[in-house]
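Structure first, then comments.
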């Protein structure tokens with residue numbers, strides 16, 4: 001059996017193809033998060049470093065089998081150690097790898113979309129997913145520090161057992177530290193992903209404005225409306241076409257600015273037509289002019305005026321001086 005050793009040129013070409021993805025910081029962060037999640041899962045399941053620190057001396061004493069691994073969580077020895085509530089560690093064992101593999105899968109679908117032939121766009125959900133993972137890991141950090149430093153002591157005190165010192169699991173302390181690092185990396189990844197999307201959106205807008213200047217004057221329209229062909233482009237609006245200098249007709253042919261017909265020819269402003277200008281007098285009623293009789297209808301007999309008797313005149317008044 002022979003093995004073909006790849007040549008230097010093949011290695012360089014493969015490295016050049018992967019260099020754009022290796023230069024992507026978010027892709028590298030998600031690979032590191034995946035590795036950390038596997039280490040965290042191993043530390044929680046193996047639980048090395050189960051030691052007791054007496055309160056009087058302060059030095060730690062570790063047993064020969066100094067571990068609290070998952071294999072004896074339900075054993076008789078674990079029951080004597082009061083480990084009934086240790087099953088909450090399953091949230092760490094399952095949650096950390098799921099978050100890491102989900103983020104790495106999103107990165108692969110984004111960076112290797114053309115190679116995989118997958119038409120799935122997960123970029124709108126990356127930022128939200130990473131923020132949720134950061135919040136979830138902050139909860140796991142608190143939970144893991146509790147299991148590492150205070151779980152055994154509290155369980156023994158609850159079950160009326162007075163421990164001689166503090167019991168801690170150093171493997172779980174290391175897992176809690178790695179969870180804290182993972183939370184920081186998720187937060188940094190979410191920030192860089194949102195910043196990258198904002199920069200790409202601004203670049204796309206600038207490119208769209210460069211190819212379609214109409215978007216500068218209609219920013220509220222969609223790109224499809226902005227890039228739609230304008231059938232009136234290059235044409236002048238006849239209503240907005242004003243004559244140039246020298247294009248007016250000879251003076252007097254058409255009324256121009258401040259050029260009006262002689263007074264009395266056309267009514268302008270508060271100017272009223274003179275008598276006899278448009279029609280013979282009396283043909284059409286003008287202002288305050290009543291039509292002559294028989295113009296709009298036949299003569300109708302007027303109603304007789306009733307002759308009512310007149311009231312007697314008042315008696316004359318006599319001057320008092322004359323009366324005397």
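Placement of Cβ uses the backbone N, Cα and C atoms for every residue, glycine included.
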86-109, 206-229 - the one TrEMBL records as transmembrane segment:
86-109
Which one of 27-47, 48-68 shows up in TrEMBL as transmembrane segment?
27-47
Of the residue ranges 129-149, 234-254, the one that TrEMBL records as transmembrane segment:
129-149
